[in-house]
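K.L.:
Let me begin by handing over the structure; questions about it come next.
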Amino acid sequence: MVQKNTFEAMKIGLASPDKIRQWSWGEVKKPETINYRTLKPEKEGLFCEKIFGPTKDYECNCGKYKRIRYKGIVCEKCGVEVTKSKVRRERMGHIELATPVSHIWYFKGIPSRMGLLLDMSPRALEKVLYFASFVVIDPGKTDLYEKQLLTEQEYEEYCDKYEEDVDFRAKMGAEAIKELLQKIDLQEEYKNLTETFEGSTGQKKVRILRRLEVVEAFIESKNDPSWMIMDVIPVIPPDIRPMVQLEGGRFATSDLNDLYRRVINRNNRLKRLLDIGSPEIIVRNEKRMLQEAVDALIDNGRRGKPVTGPGNRPLKSLSDMLKGKSGRFRQNLLGKRVDYSGRSVIVIGPNLKFYQCGLPKKMALELFKPFVIRELVKREISHNVKNAKKLVERENDKVWDVLEDIIVDHPVLLNRAPTLHRLGIQAFEPILVEGKAIKLHPLVCTAYNADFDGDQMAVHLPLSPEAQAEARLLMLSTNNILAPKDGKPITTPSQDMVLGSFYMTTRKEGQKGEGLIFKDIDEMMLAYAMHYVTLQTIVKVRRNSVNNDGTSKIVESTVGRFIFNEGIPQDLGMVNRNEDPYSLEVDLQVDKKMLSKIIDLTFRRYGNIRTAELLDYIKSMGYKYSTIGALTISMGDITIPDSKKGIIEQAEQRIDMVQDIYLQGDITNEERYKKVIEIWEQCIKDVTRALMTNLPADNNLNIMAVSGARGSENQIRQLGGMRGLMSDTAGNTIEIPITSNFREGLSVQEFFISTHGSRKGLSDTALRTADSGYLTRRLVDVSQDVIITEDDCGTDEYIVAKEIKDGNRQVEDLKSRIIGRYAFEDILDLDTGEIIVHKNDMINEAIAERIESKGIKEVKVRSVLGCKMKHGVCAKCYGRNLATGKPVNIGEAVGIIAAQSIGEPGTQLTMRTFHSGGIAGVGITSGLPRVEELFEARKPKGLAYITEIEGTVKIQENKKRNDVIVTSEDGEEQVYQIPYGAHIRVNEGDHVEKGEPLTEGSINPQDILRVNGAEGVRDYIIREVQKVYRLQGVDIDDKHIEIIIRQMMSKIKVEESGDSGFLSGSVVDARDFKMTNEQLIKEGKTPATGTHSLMGITKASLATESFLSAASFQETTRVLTETSIKGKVDHLIGLKENVIIGKLIPAGTGIAKYDRIEVDYDGKAEDDMIEAEKAQASNDSEEAEESTIISGNYESLQDEDK
């Protein structure tokens, strides 16, 4: 076996026949598998022990040699080597074919590699390979040309005609193609193609470029083209295609065995036919069948009908073993099932600390079993492991005491599926609980998106000290207070906790005991406990100064607010403490937003440990006082406004008027429909306003909605106002609204109308989940190798950050676009000229506020889009790590975080395509499909026309269309012919910028790239993606979207190659292109020219440098075909390829620079310590064993230092 951490790269190539024989331990000659009587493998069959090794450890087939002492002996009787049976997983065999056959990947792929190399069409190739036509190999003196196809009849005619011409040769089948491939002189071919390439144009040029790429690939990789035709095929080890006995004596076997048997049977039959000199036609048929059998083995179903097994099920071929969700890559290599794990239902744990979880005793015992056994032996409760095991199995009382001690400081990981972002797995300290359910802290539910209606969670146990350290320092819930997507607290209290906080900070006049004055908080608490005052009573209490200067003052507030402030830091900056050191920090009614702000301020000021304490305080206060408040809702809380009837009648009158105007022919049906919908929408608003003003402030329903605990104005409207407009099955708004509410009850017709929406809602949600998951998978794949690799790349590129607007609506302000980024240059105060922030310094909240207050509209900042790093990005271009609020560390896997941050809210985005006014027209895509459309750089539905020059607009109306003419300042004119259906959004005489849309709709990103260049398209994608997310109230930081765009724009299309050696027309890596050009300019040569290319995320994932990553993503066979011809080397730079081969990922603590850390130590002190340990160890044999290990480690360290 190959040691997995010792190799730097992995290469893939074509296997030559010699190579295949070299791998093999013997030839498989018979199709037999195992003997039906003895159940032992047949000799020379597919499971032969002589070839593949013994089926039982250290035991030969005939039984002459048993036991390990004969290791390495080959039995002279049966020929089996005495060794471990594990070798049956790694030893390969081979089959010598009687005739060459082609490899279907290289013949059938698109484009056909064999076809490109030979300059033959795939159809012609197929005819030759499957014995339908002859191909001329050497025309000799005939009037034929090389590679010409002949039918059997023609071939016979030519043979008769040129009997004496000895040179004339034509053949059929793979041997003919093999001969043609052997005749190719690659260098000569390359020279000829390069010459013809320069002079050709159009389709011909594209074809030549493709052929050039294949020829170049073969030259570079030193692969021989004739290896695409196989004389010998490998047989994979038997334990990878096992045969197992089921109860009832039948056998289950891997499909591969069937496919191999077909090949061997046909091969043996062909050998026999050749030996006895059968007629050509029979031999030919057998050769074709052999070719088809090998095709089915390699890729069943690629050509013709797939070979089927029992029940017409297509057999799984070698290619099927690799591709798709259940293939080798995605099923076994990228994610595996692990031991030391368990799962159970979750219940709420309101008494847990923020960093704790409740672990059922039985589960904990099973998970920590090895640790418990070790401890039992160590404490001499049990004398050996066997006894200790029995104690654990019997659940002896002593076991629980040991378990209690062991779980201290040993964090466990909790995971809830689906894990949409990194907060789906967090570490907690376990607390043993009775019962079988895991207890979860209520505040981490938001991050997990968990509720307690029967959700299950999985527990994993980190074993090694390193894993435990990472779990504690990086994954503990206290380190995950902020969400990585926007840097805001994700542990915000919800529901009961919000309600409790809101209730206890409510202020009411005229409550029991109002105006009482207390000497301190304790006296007030005593009064409250004895019911002299209520929570909402306004009282006065003497408070000490926050600045601890010994002064105090009487402060007025409510009892509840005094209690609430006890656990809250009193210097968060909500009160100016220089002027007022006595007031309460939070002297207002606390709703959900306010709680979030308090947590955010505490985190920025005190860090996570103090914040975790605060969270636990808010949690316990919230639960306690929402229980005391006992707020519930009843039918009586829903009051229907008296004015509702009048408002609806008024709307109906206006609609009758619109209907009359329509019937007179003054407006179109579409305009009538729009107007009706508008009238109803206004009516709904009026009813809602009447309802909400009618609701008293202390109405329980109102309290729940206003505080943010549960429900919204929208839901109250449906309960007490009117349900409003509904949509039909196609998603169009029905023009008759539901005027009743749930309090009054719906009529049959209203109920029927409302069912459309409900059913659509459910089916949309199901579809959305799948689409969102697939989008996340593609995003992860495209960005997985973006890791912070250096501190500063010293780039000279920047982006100009300004607020994002959509028409007049602000999508994102300047402040939120620059917080956490590094300034590209000194930013100056426009009035005084003093420097607000220096170049390469981070802009924090305070600086951003200052920049905005000074009226600065745009700022030059560093961005990942301008980072110079070839692999990954640098910390200065990335800026702040949103999850910690500090500068990002080297080794952070920011690509994956970006993908998760964009993908995780995907499920919240709507699926709806909004139709303009409900009449079926060209819909403008929104929601999730719009995000997908942008990231895949597709041509959008409802395409807008854009202007390619800056200038003034003139509109001319024609019979069939409108002409929009844009005239630039220097007199250049461009005419855009716009069909009547399109809605023009510019007016006569408007000034338009380059790339501005002239009509409604979405713009094709490729057009923006052409007109406004790379910067224009970057801004457009960021603006559009943010528009979709902000509409749903989801905040995502720009830098996540920028990372994806960086990957989409990582390639350049070469126009003129100059002295670079690039092929013009080919697509190359942007950073390679830049480096090559810089080098050429240094040497005084001609640099290459090219344009940025914008790829969709799927295409960008497949265009990655790493073939392992691409193959495990999609189109596995295509990727492997291409890369094996190129002889590609995967340098294992990204995360995915390292996961696949089982190395530590090059991110976090696995990054290469941490490998070389050396420990400085004072040799003498260490040696003394070891001596002391050794002395003590002589008393205790177990400790002795441990200390020798320690000293062994030190010695090896010293060797390294030397």
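Note: Cβ is positioned from N, Cα and C throughout, glycine not excepted.
According to Swiss-Prot, the protein has these features:
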type	residues	note
BINDING	C60, C62, C75, C78	Zn(2+) 1 binding site
BINDING	D451, D453, D455	Mg(2+) binding site
BINDING	C793, C867, C874, C877	Zn(2+) 2 binding site
REGION	301-320	region 'Disordered'
REGION	1168-1202	region 'Disordered'
K.L.:
Are there any residues in the same chain, six or more apart in sequence, whose C-beta is under 8 angstroms from the C-beta of C867 (Zn(2+) 2 binding site), and if so which?
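P.N.:
Looking at Cβ-Cβ distances below 8 Å from C867 (Zn(2+) 2 binding site), excluding near sequence neighbours, one finds C793, T795, E797, V873, C874, C877, Y878, R1046.
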K.L.:
Cβ-Cβ under 8 Å from C75 (Zn(2+) 1 binding site), same chain, 6 or more residues apart: which ones?
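P.N.:
Expected: C60, N61, C62, K64, Y65, E81, V82.
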K.L.:
Pick out which of the binding-site residues C60, C62 has the most other Cβ atoms within 10 Å of its own Cβ.
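P.N.:
Ranked by Cβ atoms within 10 Å, first place goes to C60.
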K.L.:
With helix taken as DSSP H, G or I, strand as E or B and everything else coil, how many residues of the region 'Disordered' (301-320) land in each class?
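P.N.:
Taking each residue of the region 'Disordered' (301-320) in turn, the totals are 6 helix, 2 strand, 12 coil.
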K.L.:
Work out how many Å separate D453 (Mg(2+) binding site) and C78 (Zn(2+) 1 binding site) at their Cα atoms, rounded off.
P.N.:
63
K.L.:
Enter the number of other CB atoms within 10 angstroms of the CB of C793 (Zn(2+) 2 binding site).
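P.N.:
For C793 (Zn(2+) 2 binding site), the 10 Å Cβ neighbour count is 19.
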K.L.:
What's the CA-CA gap between C78 (Zn(2+) 1 binding site) and D455 (Mg(2+) binding site) in angstrom, rounded?
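P.N.:
Here the two Cα atoms are 58 Å apart.
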K.L.:
At a 10 A cut-off on CB-CB distances, which of the binding-site residues C78, C874, C877 has the highest count?
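P.N.:
Highest number of other Cβ atoms within 10 Å: C877.
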K.L.:
Under 8 Å Cβ-Cβ from D451 (Mg(2+) binding site), six or more apart in the same chain: what's there?
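P.N.:
For D451 (Mg(2+) binding site), the qualifying residues are C445.
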K.L.:
Return one of helix, strand or coil for D451 (Mg(2+) binding site), based on DSSP.
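P.N.:
The residue in question, D451 (Mg(2+) binding site), is coil (DSSP, three-state).
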K.L.:
Helix, strand or coil: which one is C874 (Zn(2+) 2 binding site) in, per DSSP?
P.N.:
strand
K.L.:
Neighbour count first, Cβ atoms within 10 Å, every protein chain included; then name which of D453, D455 tops the list of binding-site residues.
P.N.:
D455
K.L.:
Taking 8 Å from the centroid of the Cβ atoms of C793, C867, C874, C877 as the cut-off, which other residues in that chain fall inside it around the Zn(2+) 2 site?
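P.N.:
Neighbours found: E790, D792, T795, R862, V864, G866, K868, M869, V873, A875, K876, Y878.
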K.L.:
Starting from the Mg(2+) site formed by D451, D453, D455, give every other residue of that chain whose CB sits within 8 Å of the mean position of their CB atoms, in sequence order.
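P.N.:
The surrounding set, listed in chain order, is I346, A450, F452, G454.
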